[in-house]
Amino acid sequence: MIKTSRSDIVMFLIGFCSLFGGFAIAISMIMADPKCRTSFCLDKPIGSPRYYLVLVSVYVFYGYILALGAATFVIRRTHKLDTFFRRRLSLPRFGSTSRRIHFSLSIGELVFVLSAAALLLWKFAYFAQWYFRNGVTTRPGQKWAASFFNLLTHALGHPLDVFIGFVLLPVSRHSPIASFLHIPFDGALRVHRIMGYAMFVWAAIHVSSFLAKTGLNGAQTYAKVIFGIGDPFKDLHDHMQLFGFLAMLSFILGFIPALPWLRRRHFNLFYIAHAFMLVMIAFAVVHSTTNFYYAVPGVILWTADLLLRARARMANPAGETHLDRVAREECGYIRMDIQTKTPFAFTPGQYVFINIPTLSPLEYHPFSISGSTTRSDTDSVLSLLIAASWKSTEWTNKLAARFVTHTDAEAAGALHNRVDAPAVVIEGPFGHCGFDVLTGNLDVVACFVSGSGVAPAFGLAHYVAAHILADGKKAPRKVLIFWATRAPYPHRTSFIADLYALFPPGVLEFHIFDTSHKEMQVTTTHMTTDNNNKPSTTALQAAASTLSLASTKSTPSHSIRTITAPALHPGVRHTPHRMAVPTVFDQLIRPHLGPHNRIGVFICANETLRMAIRDAVYETETLGTTVLVHEETYEF
């Protein structure tokens, strides 16, 4: 059962204001404002037949959101229901008894998508039946087909305002959807993408119907209908089609960079271009006033999110947070340690957005949290593990090129002066894990990760060690991490040594499935500051169990050292072949489980590995073990 914290209460109040505040604003504008302030007002004049259609649909939408929020709140605080609705959908695979067809949606996400689709189709049918009975009047001499598409265009336009409401609700980073209702970020993002894709298809059909109507009518050209060429500008009412065209154009500009294959390769382009969605909503509101009635809750949540992020920035002014160390591990990944003036608290599966103004003043990049160490009340270190891009234009490549160097002179220990340690802006942490290792009464936690997906597994293990074992609270008997990677010498990653220094013997097991045998040197950059906030030279010293830093005060300098990573820890098991998931469950996990035990499975891996893990989870559940699963894809 999930406990309610102070932040949950704050998020509840924000959610309450967004829902009931949005409802109050929408109803007051419908019922109290007699003037149409946009290019098309379906709810004016007050008391007209279409006025009641709008009023009823607004009541239905806000009632649906209220019922959905209340149901989710109850489900999240009822263990059996919560476990059921978090479970991923799967069906038996034809001709196979062991393999199943797994879907990316959970049962809860599917219920929402289907119920939201029902609401959208209801609104379309609700308005379509009115239009086709006594709606838009056919002009004299207008063809039947043109009249049909004219009515269809109007009917198709109405569900788009509900789409806007559904698309906006799950996108805020500080949101009651994640913080109060405990919906994982990946789940909210999946719903956001599904609704966004569906909205784009629906909008394309709406535009196609409009183009068909205009073409079949033949009385006016497209240029005249859309842009009003040749007509004097009187007011907004004469340019409804123009604002609709601008809204669709903005939608296309924001939608294309958000497609998965383009978003993954050019995240910066997606991050900036997605702002066109706000432009789209603005034009959509001018196009038709009802779009605003459904967008208000999402706008309130988004505004509250911006205020909370601004508050966090003010609490952490420039210069208070800076790079402490940037090191290339032997496995090729980049370890970035960020020094903060206050302890940095996080929970498993959370992530942060990082901005380094010296690299780029505008670019923010999301990274999983791999650990946080508190040195004192005024000194804490946040650790991240980053896979640098091979593209020279990407932010992570610039990070490695700027702060990690590889020349022979630098590897020999040459010093390079620096004026200061680069400042870092941190937004977060954000996100929520699908199971709670603190209050979930878990006997075993198993992490299945691949590549750089090991970063959140490091964070989860660090959280277990620091927040459970150190406090003497009930802890899982075993923390198992299974890492599939092609990186060379992954067992020498510094995070592994750090974790074994924290855990008591016998609790943590690290299993690496490795196909690489290449040697790499470790080059590191380490920056700290003295009492006057001036950089000081430090040297990275190798130790048998951990990589520790020895700090000395001197003139500002930049220290580069080649170090030898620690040897393979006795608790790390290195296997030079691919991971066989059924064997892993049979030989490495189930021996730790009894018939009524509970296990939390954390997954951040490629799709092939995820499918095999889901099959093994299903088989484990059939044996009577309760399995709680959380999957991370980090598909921002």
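Cβ coordinates come from backbone N, Cα and C, glycine included.
Heads up, TrEMBL stuff is auto-annotated, nobody curated it.
Residues or ranges marked as domain 'FAD-binding FR-type' in TrEMBL: 313-436.
Annotated transmembrane segment per TrEMBL: 9-31 (among others), in sequence order. A Cβ distance under 8 Å defines the sequence-distant neighbours of the transmembrane segment (9-31), meaning residues of its chain 6+ beyond its ends; these are 43, 46, 51, 54-55, 58, 62, 65-66, 69, 174-177, 179-180, 289, 292-294, 296-301, 304.
Residues or ranges marked as transmembrane segment by TrEMBL: 51-75 (among others).
Long-range neighbours of the transmembrane segment (103-128) within the same chain, counting only residues 6 or more positions beyond its ends whose Cβ lies under 8 Å from a Cβ of the stretch, are 53, 56-57, 60-61, 64, 68, 72, 75, 84-90, 151-152, 154-156, 158-159, 162-163, 166, 187, 190-191, 194-195, 198, 202. Residues or ranges marked as transmembrane segment in TrEMBL: 103-128 (among others).
The feature transmembrane segment is assigned by TrEMBL to 148-171 (among others). With a threshold of 8 Å between CB atoms, the same-chain residues lying at least 6 positions outside the transmembrane segment (148-171) that come near it are 42, 57, 61, 65, 116, 119-121, 123-124, 127-128, 131-132, 135-136, 138, 142, 177, 183, 188-189, 191-192, 195-196, 198-199, 202-203, 205-206, 209-210, 212-213, 216-217, 277, 281, 284, 288, 290-291, 293-295, 297-299, 301-302.
Residues or ranges marked as transmembrane segment in TrEMBL: 191-212 (among others).
Annotation comment: TrEMBL describes 242-262 (among others) as transmembrane segment.
TrEMBL lists 269-286 (among others) with the feature transmembrane segment.
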